[in-house]
Amino acid sequence: MVTSAISAVVVSRYLPQNIPAPPNKTHPKNGNSRESDRTAERQPQSSSLPSSSSTSLELPIAVPNVSDAKASEIFKQVKEYRRKIEVLLYMQEAVVNVMDFSRVLGIIVDCAYSIVPADRISVMVLSDDRKSMTVFVSKDVKSLSISSTKGVAGYVATTGLKLNIKDAYEDPRFDSSVDDEVGFKTESLVCVPILAGGGVVGVIQACNKKGGFDDEDERGLEALSLSAGSAIRKAQLYASAIRSNRKSNAILNVVRCRTSGASIPDLINVVTASTYNLLLAERVSVYLVDRIKGEIWICVSKDPSIAGLTLPIGRGISGQVAKDGKTINVKDCYTDDRFDGSCDKKTGFVTRSMLCMAVPGFDDESKPVAVIQAINKLGAKSFDDEDEEALSAFCNEVKMAMRGNFLEAALLKLESDQKRQTNIDGTSYLREFGAMFGRNNNSGELIEPDSPTSWRDGKKPKLSRKLSVPWNAHSNLGEDQEFDDYGFDLFSKSRDDLCAIVFSFFEEFNLCNRLNVDDDILQNLILAIFETYNDVPFHNYYHAFSVCHMTYMMIRHCDCARFLTSLDIFSALIAALSHDADHPGVSNSYLVAIQNPLAVLHNDDAVLERHHASTTTKIMAEDDNNVLANMKPEDYKHARKVILAAIIGTDMSRHMDHVTALHERADRTRSTPFERASVKDRVSLVSNIVHCADLSAQTLPSVVSEVFEGRLMEEFSQQSAKEVEDGCEVSTFMKGLDNKRKRCELQLNFVSAIALPLWRGMAKCFPKCSERVERAEEVLNNYERVLAEIDEAET
């Protein structure tokens, strides 16, 4: 019905005004008259445009007595009008079921050429913001974007009035810049608006007809524009729906990838494939940003020759986006000074247009974590505003996915660098942090075996004394509470002093009185835990004390206490002190590699963390150490749950769970990131605190952090020697640690990729932790300065 109505309007609009009308006649009622034939339902036209000899449409015209010459002229006009009306009706039928935007425009222009004899006909469609128009179809111009307020087309689009100009260059409204760009000379032109939905959606413009365009040409284009408007609007809505669907599918693909825990290579593959479909680009590259080395790099690629390719930050268009995080959309790359055409020269590929956008940084959006580069829009000259909008939404989802994987990205970069430098395909750094192995389904549960639980083959660890502690818990401390400071020098204290200070942590919160815990039992437990720590360079009782001390400081001074109960705080201090109980001074990967009984016992999953938890449980089960003995059953169960969850939570394969959870909590609501009434929230918070404390060495003053750094490097060196002795593959990141550059790069990667993201998340939830972030950033800057000095010395 709508099509029939439009057809009637089109025909009535285009019927000639100067042809004599037919006389009134009475027709028979039998339905066999010519008038009945003309009003019968019209059959569909063929797929080709009607020719000038077409006679399928007859007009109700009677010619009075005129000369033969005049009659011939009139019938010639009638025949031409008939042909043009056939063209208009053909166009209406042709676009009814066509949804493709370019095909619709092509049909409109083809029909326009059949109605108006012009050298060039263009269809220009207004953008959504109505600030520009795109010349979608023309014989010599495609996808040229022009202003919607300049030139004749701009005037018609703005006012909705048609224009017929005999001499274009004499009209002040004419803009000759398009002629200059395409090398065309416009002489005469007629331009009419395309209307749809009560407004202008574009214009049809015909240029250059011998003798100029007349009223019939105007009426022809106006009639054409009536059908063109509805067809264009329908195609626009369909194209918008298709684009929206592509956007939804692209985002959904990334969400699925994120929720399935896919690795970085798998994620990048999904991002790349989704960007192809989202933007319809000829080529897509995804660069990861390595700010430590000041470069961007391709992690994975279908082309093995460019996998691992690096470019300096700031070089080329992608490098510039990585530098400042600002989107760059280039219509013609070879006219842009930022474009680096060296890759085109090597491959023979021609880069025409480019859209480059940053995946925002987790803490600072001006420091991207990745850059997505799309080259050459298929079916168009360049990428448009809608492409930018779609890619922006997509990049934000990629950011969320990478938040859970960027640790792996940093480690992959380290491994890539190692491979290029040493030609070693090492993955030990990834294995060490659990990035390449999924956790078992029971990874949150504690395994408490009856078999020997020491890392020393079959030898049970020495647990607790059966006597009350022989030291005074208040000795040698003074009244100034020197331990109540992040810069407390623990290395100047004896083990007994540190035991006494740990007891004071509990006293500061009056926990023994509140929870009905015997002081002597707690002192026994503290000493028993200290005694489980072995004589290894780093994972000894100094590290245990440091983690317990940081846990105390965070709860006391960073507003964490307001979300925790006394039992939570009590459990947090015990978990922090015992989180590395009976640590052998080697990594999980080493125990798995040599098939140590602990690794076999715990199915190669969080081997040491499970062992630490099991050791703690056994110590606390002894009567002289059982600080939970007098508690209610529900309190006993809760304390045990919190302690075990916090110890298991120090497993580095769970690191990104902590980072993601903290940032998401902070983004969701900064005022109450945790709910005190929620047991789940309190258990999570204790686990977050202990994990942060475990990775806090580089947030401490240099007098402490530098000692811990030296001890960790020594422990790594000792493990690499064991690996050589046992015939194992040496962990790549533990090699060559006698080299100052290697040590510096290792620490720099750790601080930037592991420690800082975690602490920044904690600081977003608890702003008073910001001082620790600032200190870690100072350490990072120092490492960068040292590396720069090494580079300068080497050159």
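Just so it is clear, glycine is given a Cβ too, placed from its N, Cα and C backbone atoms.
Keep in mind the model is a prediction, meaning the values are calculated, not measured.
Feature annotations, courtesy of TrEMBL:
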| type | residues | note |
| --- | --- | --- |
| ACT_SITE | His539 | active site, proton donor |
| BINDING | His543, His579, Asp580, Asp694 | Zn(2+) 1 binding site |
| BINDING | Asp580 | Zn(2+) 2 binding site |
| REGION | 17-56 | region 'Disordered' |
| REGION | 441-461 | region 'Disordered' |
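Note: the Cα of the residue listed as 'active site, proton donor' and the Cα of Asp580 (Zn(2+) 1 binding site) are spaced 7 Å from each other. Highest local Cβ density among the recorded positions His539, His543, His579 belongs to His579, counted as other Cβ atoms within 10 Å over all protein chains shown.
Within the group of binding-site residues (Asp580, Asp694), the Cβ with the highest number of other Cβ atoms inside 10 Å belongs to Asp580.
Those residues of the chain, other than His543, His579, Asp580, Asp694, with a C-beta within 8 angstroms of the mean position of the Zn(2+) 1 site C-beta atoms are His539, Ala544, Val547, Ala576, His583, His612, Thr650.
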